[in-house]
Ligand code: ADE
């Protein structure tokens, strides 16, 4: 997968890709991430990328020209499965969306700032709008990092134990059951006997029961 990220803050974006799972995916050459600084595409001397809103109103709006030029430049080099705009009024990201988008070959992610982008950017180029939750961030960069992490870890070969992504919370509309590691007893608190029994059929049954109980308590909406 190749991910092209368009941003006014490339430095803010880089470090999450330099550690942990995303770094490993890049080292294994399963993912390429390219950062494009929007200011490199401006045609004005001040390199400004935003302006006042027509019609009045608080907050600046990102200009169409540098974004259009940047996206056209990228599109002239390859085909993209999706051109994504990170925005609080997009579709809320969930595991099902992450699963399907982890299969893309090339995507562009546009990070918004200030009030957002000129509507003509959306009309011209954007094929999908994604929000990471019902709250407003100062820019799309953090959302882009969240989105990239969610899809990259699902690319086959990225996680060393591939079954571990399959048993994540949400993968089957259930939250994960409780998990334990050594020691078997800590400050009088014991690991449930069943997990030490070696009876894998029973363990699986226990996990399913606990996952259901946990989901009922915490996220009954997932079971509807
Ligand atoms: N940009 C600002 N807020 C956002 C959100 N909640 N999700 C994605 N991008 C955003």
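Note that Cβ sites are derived from N, Cα and C of the backbone, with glycine treated the same way.
As the structure is a computational prediction, the values presented were derived from the model and not from experiment.
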Additional site residue, 112, 188 [criterion: listed by TrEMBL with 132, 133, 134, 135, 136, 137 for S-adenosyl-L-methionine]: 112
Binding-site residues (112, 133), the one with most neighbouring Cβ atoms at 10 Å: 112
Most crowded position, judged by CB atoms within 10 A, among 132, 135, 136 as binding-site residues: 132
